[in-house]
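What TrEMBL annotates here:
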| type | residues | note |
| --- | --- | --- |
| BINDING | ALA22, CYS23, PRO24, GLY25, GLY26, GLY27, LYS28, THR29 | ATP binding site |
| DOMAIN | 1-283 | domain 'UvrD-like helicase ATP-binding' |
Amino acid sequence: MSEPTPEQRAFAEHPSEAFVQACPGGGKTRTIVQRAQNIVQGLPPRKGIAVLSFTNSAIDEFLAKCRPLGLDAVTRHPNFVGTFDAFLRQFFITPYGIQGVDVRPTVVDSWNTLGVDIRLRGRAAFRGPGVSLDRFDPATNAIDPTLIRHNGLRAHVVANRAAYQQVAQQARAAFRRKGYLSAADARVEALARLRDPQWSGSLGRAIAARFHEVIVDEAQDCNPLDLQLLTWLRQHGLRVTIVSDADQAIYGFRQGDPTALAMFAQAYGADSRLGFSGNFRSSPAICRCAATLRGRAEPDEALGENASVTLPVYILRYVGNAPPAFIHLQFNNLCQQAKIAPPARMVLAHARTSARNACGLRPDTEGGDSKVARLARAAGTYHAKASSGRAREACLVVAEQTLLDLMGKFEEQSSVARLVEQHGIDRRWLRRLALGLISRLPPACANSDDARNGWVVALQTAVTALRLPFGDGVTVTTYFRRPPSAEWSQFLQPRADLAAIAWATIHEAKGSEHNGVCVVIPNGDYTEDLIAAWENRIDSEPKRVIYVGVTRAEKLLAIAVPAPFVDRLIAIMRGGQVPFEVHDLAVAVGIGAL
């Protein structure tokens, strides 16, 4: 490990709270670890620090850098390491419950977790998708229609805004009575409680007694409610240290506001406003490419072990409306030539669909929604080599929901955690059963009626072996009937011409780093807006999302771009003096290969 720079040392040893402007690859996580170590060593036994971020990947990176240094104590009581949501849930919501509600609170990441859509009924109904409850402001239930991508739905919301907002208010209130809050609602709930001076003072003293300092990483993702909570912590004597990079603010959909954070920074003295420079992660070409995506045109200096890497940025030109599977094959070829191992390769995109398409994966809603189809998708995804831990976790939740339903214990729009608590079921027992079921299911199914019949029989046999107490009238054979369509089995027919490769959305990958990264840009109106903002250095969230994706790369960066936009991207690369190569996928892989 290299010696810390003067800027890093200044932050690690700063004697009071600080506001730090960081940059990708600037060594901020390592320096946060050093600061945490310095602080914890000087604290009394029952005093700790809290290290917060907004993504699990950023927390995982922090923990990964703690382990080699033997800093397990930083992760144990009285310290706290976790997401902002987890901190809010543990210290503001769970111990005190929800005002006026007797049910124990359950905080979900978002309403999408429970599949809560807002729809109008009767003559006013829209024949199409609903609006996620997450799109409505948690405090006022107001909605900004510009956040809705579906053109028809957006127009319908504009014409019926008051009705949608009323239904959203009713749905939110109904879930609240059941004890459910989204992470955004939890912020509103906490701030409402803090208006009570007695309760606020008591909680403030308790938190200040436990924590000496709260360090907030990735703070550019703070929304105004988060900043109110951080202001409250400071008012009660806690040191609040902020580490942020405004160019990586990509949570506008949850009202993330870099401008509000800049105003928050003014509360810190000039000697406590610090900064990092230099990039210890990426190669010179990647640093130059990243600089084209932000307002500050001067590229960061490549300083780390990849400073001598001379690979260009690869532009992968593709034809068609959807990103094709050619993309991941050519990306794998480039990584193989650069001696980048498969586990160090990552395909990223703004949307899940774009990333999956580029990897040759079928849509995760394909095949119908029958009970057999849901478990077939779960089994196929769980056993796929390229599936992420997050994807496998989702598969196990599907299996848990199925088992609860077989026992007559499942309710729509209720979390597994709430259901097992409600029915007195041991969650670890249920998870073991779910894991056992998924593990026993055949990972493949040939494209024939006999094979499909055999797979359904194997499913029925595996469930029977669990010896569950079934609900009234439930039998394995009636519950798991083979669907009339054959589409459900497609998830169990892996294509031999595809390579296993990891993929994620850029939001999921935020805070991580990979030797090789392919950023996939889809075709459509979104792309025109993105490229126009990129050309003119106009600040926009889609551009910041691509910036975050690009800056995950250490040695090799590929950008997959629709053919109509390639010439404009080439001009951007030339203007930024970025070394690049263009690979036409129709030539590189061969038309018709996939």
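Positions of Cβ are set from backbone N, Cα and C atoms, glycine also.
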> Which value does the mean pLDDT take for the domain 'UvrD-like helicase ATP-binding' (1-283) in this predicted structure?
Replying inline: 91
> CB neighbours of GLY25 (ATP binding site) within 10 A?
Replying inline: 25
> CB neighbours of PRO24 (ATP binding site) within 10 A?
Replying inline: 25
> Which residues in the same chain, at least 6 apart in sequence, have a Cβ under 8 Å from the Cβ of GLY26 (ATP binding site)?
Replying inline: PHE276, SER277, GLY278, ASN279, PHE280, ASP300
> In sequence order, what residues of the same chain, 6+ apart, have a Cβ less than 8 Å from the Cβ of CYS23 (ATP binding site)?
Replying inline: ASP245, ASP247, PHE276, SER277, GLY278, ASN279, ASP300
> Given the ATP site residues ALA22, CYS23, PRO24, GLY25, GLY26, GLY27, LYS28, THR29, which other residues of that chain have a Cβ within 8 Å of the mean position of their Cβ atoms, reported in sequence order?
Replying inline: ASP245, PHE276, ASN279, PHE280, ARG281
>> I want to check the contact list for GLY27 (ATP binding site): same chain, sequence separation of six or more, C-beta distance under 8 angstroms. What comes out?
In response: PRO4, THR5, GLN8, PHE276, GLY278, PHE280
> So how many other Cβ atoms are close to ALA22 (ATP binding site), meaning within 10 Å of its Cβ?
Replying inline: 28
